[in-house]
Ligand SMILES: Nc1nc2c(ncn2[C@@H]2O[C@H](COP(=O)(O)OP(=O)(O)OP(=O)(O)O)[C@@H](O)[C@H]2O)c(=O)[nH]1
């Protein structure tokens, strides 16, 4: 097989800057979950994009942030790890309606961490579609280029799919020459049951907005493909009784909507009809204990102690 540019690319940035939207736009498929809530992403998602002359293996890192809970510490750890392992980092930041020509405190501290990682970093300034004052973007670019020695600086809109080819081009320039890591038609290495749980979690975050925060975990209890129509059963663990009430809604209306929207996404990805059943269970403080995190699949048996810092 002839050699092309191949390597891993970590998407790093504060919560809510649009990393998952960017990943989905680059892949042309919605794998990562997107919501208005910060810190939607909890796991690293491996998405693979294969083009004629390059294969990009993307890691979608959870937004790095000050750790308040064990789950937070876990996310920080994953993000740093991803940056260390990657051939190239795409550092995503975003601008508002009126772009501010300074590097925020959060971004500055993340960039400090990246200096240590010593990998090429491409800056993607996202959400430029929101900026009414486009001129102000130049000052933003200048501020960032003073703060860090970026391999390239690219203004983008993940939502409107602007600037994405430029990002890929700049990333490709720093990927090593190698043979394909994955078959050309691979989209993700994540098992379908993981994606199904993520799709349900996405719909929960969308349906409940601020009322049910991040104390929610989705676990697949049964994934049975033996029949004509696959049967998937999931438990939704919430922190307290009040959250269960909100999630279920009047006569089950909210849960029904979550289930049917998630099912539609699963069916579209699997290309076939599925049965999907959801149960809501109250499991207080699951995210504050190693055991809880382990049971929900956020940490493995061996790394529990490492992340209890
Ligand atoms: N206007 C605009 N909104 C965007 C753009 N990209 C993402 N968004 C929105 O920003 C919000 C956060 O997007 P996500 O992709 O979930 O952000 P994230 O960085 O993955 O967030 P975490 O999972 O918290 O790390 C969503 O409401 C997106 O629709 C963009 O280019 N323009």
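Each residue, glycine too, has its Cβ placed from N, Cα and C.
Automated prediction, rather than curation, is the source of TrEMBL annotations.
Looking only at the domain 'Era-type G' (5-177), the predicted model's pLDDT averages out at 82. Per TrEMBL, domain 'Era-type G' is recorded for 5-177.
As annotated by TrEMBL, region 'G1' applies to 13-20.
TrEMBL lists 13-20, 60-64, 126-129 with the feature GTP binding site. Around the Cβ of residue 128 (GTP binding site), the same chain contributes 95, 134, 137, 155, 156, 157, 162, 163, each under 8 angstroms and 6 or more positions distant in sequence. According to its DSSP assignment, residue 128 (GTP binding site) is helical.
Among the features that TrEMBL reports, region 'G2' is placed at 39-43.
Marked as region 'G3' by TrEMBL: 60-63.
The region 'G4' annotation in TrEMBL covers 126-129. Within the same chain, residues 17-18, 21-22, 92-96, 137, 155-160, 162-163 sit at least 6 positions outside the region 'G4' (126-129) and bring their C-beta atoms closer than 8 Å to a C-beta of that stretch.
According to TrEMBL, the domain 'KH type-2' annotation covers 200-284.
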Checklist entry - Using DSSP, how many residues in the region 'G1' (13-20) fall into helix, strand and coil? => result 2 helix, 0 strand, 6 coil
Item to check | Cβ neighbours of residue 13 (GTP binding site) where a neighbour is any other Cβ within 10 Å | outcome: 25
